[in-house]
Amino acid sequence: MTNTQLWFRGVRPSKFRHVYGLPTRKECCYTDISVVRSGNDGNFCAVNPTFLAIVADTTFVVIPLNQTGRIDFQCCKVIGHTGQILDLKWNPFDDHMIASASDDCTIKIWKIPEGGLTSNLTECSTELVGHKRKVLHIEWHPTAANVLLSAGFDHLVCVWDIGNTERPLLNVIDCHVDMIYSLAINRDGSMIATTSKDKKLRVIEPRSGIVVSEGICHLGTKCSKAVFLDSNRILTTGFSRHSDRQYAVWDQHDLRKALTQEVIDSSSGIVTPYYDYDTRMVYLAGKGDGNIRYYEVVDEPPYVYYLNQFLSGQPQKALGFMPKRGLNVNQCEVFRFYKLHAAGNVCEPISMIVPRKSTLFQSDLYPDTVANVPAIGAKEWFSGRNVSPIMMSMKTGESIALDVTNSKLNRSSSTTESVKVQRTHSIHHLTNGNTTVNGTTNGMNGSHHLGPAANNGNINGNTINGNQQPQQQQGHYGQNLTNGTTTIHSTIGTNRLSINKENEQQQQHQLDNRKLDNNTKKFAFLSQPTIPDYRPQTIIEKSQKTSTNQSTKFHQLQAIFGQQTTNHKDIANLQNNLLSTGSRNSSRNSSLENINLLNSENELRKAFSKQADEIKSLRKSLNGSEKRVRELEAEVKRLQQQLKQHQ
């Protein structure tokens, strides 16, 4: 074997080997946000393709995703908790519903209006009360509608059905004996994983509360985190006995020994893992770090391969991540973080991009991903059924948005109690003298019309089994139906054609009456031709608008620095004003002639304070001179009186 072959043995091919992080320009960030200053490691930032939510102590702000730039400190907020908010999560099936967990022992569900907040939102749609101490973590179920899981400081894990207003609490899991550090749920929602202060990793069946497996994960005393991988594996991050940060991969059915365990570094920040099921990449971001490491997960040992890291000079306080359906496929973007800076009140989007020259859709980078459509209802899931999530294509175009809408329509009636059938169902051999068609099918809002061959014989939909798998519920519409002595012979093709036509008509009618969602708007905008505008544009600076409203330069400084809320834009505008007017009025205010040397906020503050001190000293000297004048006048009068007496 040659040296060249030996060298190539160590090079592992991967299409994600050169993934890099692309920070966003300052004008496209979200600045001047009142970020919470708590030391907790909670999820203070949550994002979906429509809104960005950021915690601000006992309240949180909801910003439309396209509203970048400076955020007004008096912007509308969601106000309702009496304690600090510790976790935020958007509903994966409703971009306008968000859950918040708080220090006041409650969980509240909020409904954000279309287009964002126009006033402070104080009324929640649902309040979940059941924890005895503060609620630390919340997670939405990935496939079942209206199912929420929460973990609190009272060592309890609660399972909620927010659609049930009378008894929303489905189950309480009390297997923990110490503080719960993290809560994770697998892709189909059949298992949850928790890490605790007792250094144990537990895999739990959430409906029954049975602990499937448990074991010691990390020997350190600091916080540990867990996330589910595919192929029944779990990745945890924590600290070793010597306070080294490390990650480990486990088999969820056997937690006695880790499949692999590696040391990351010796920093002290808590590491949070984020896993992407589509690309099989895991991102490790430490609190207080300026970097984000990313790895690729494989099925063979060592199970995790280091790829690279995103480096930044600004440490992160918290990270939110965009769901896959909100990414930009034209730029080969495979993940997007929303980074809350530890200092500066800035939220910065960071895109993880695969470097490719082509702007066409890359099918190998974007397999079918999870859609924003529930696959099962809460009661059906709690009764013991597990269903994989409904998938959608990432390929851009109108047909993709239509497919998602169709799946929404097909699932619209599956969450109700009266309908037990999913998507489509099969009609079996039914014999009844005078039966009636009462069953409905998802995607159809009426009864089955089997054509003229039905011969006024109707079918009772209650005989259809609602627990059939979707693979078993497709087709078979043309089976024999007997009504007395009459035999109905319907072919599969005829029945399928009639049902498909009804589906298309009803779906088209509902699509016409329904608002276009965000993806449809985006695709419609992209399909429009771009017409260049060559007309000259006049740009009016803020300095030209505001310079005439100020009497003196000192008043400008006093108006800016006399308030506590000072921003860099006002300082820049003030500097431009002083430079423009200083050339015309060079004879006055000679102390401000060198204002162009003041290049920072601190120097401007020093100049302002210096001028204020000078004014104070002048006032003191003026008062002293006036006093001296009065004393001299009195002395003159006294001398004049003495002179008169001598005369």
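The backbone N, Cα and C atoms fix where each Cβ goes, and this holds for glycine too.
Automated prediction, rather than curation, is the source of TrEMBL annotations.
Across all of the coiled coil (615-642), the predicted model scores a mean pLDDT of 88. Per TrEMBL, coiled coil is recorded for 615-642.
Under the heading compositional bias 'Polar residues', TrEMBL lists 411-421.
The annotation compositional bias 'Low complexity' is assigned in TrEMBL to 431-446 (among others).
Annotated compositional bias 'Low complexity' per TrEMBL: 455-480 (among others), in sequence order.
The domain 'DUF1899' annotation in TrEMBL covers 9-69.
Under the heading region 'Disordered', TrEMBL lists 411-489.
Residues annotated as repeat 'WD' in TrEMBL: 78-120 (among others).
For 128-170 (among others), the entry in TrEMBL reads repeat 'WD'. Among residues of the same chain six or more beyond the repeat 'WD' (128-170), those with a C-beta under 8 A of the stretch's C-beta atoms are 42-43, 83, 86-87, 89-93, 99-109, 176-180, 182-189, 192, 194, 204, 206-207, 370, 374-382, 386-390, 415.
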Within the repeat 'WD' (128-170), residues counted as helix, strand or coil by DSSP: 0 helix, 22 strand, 21 coil
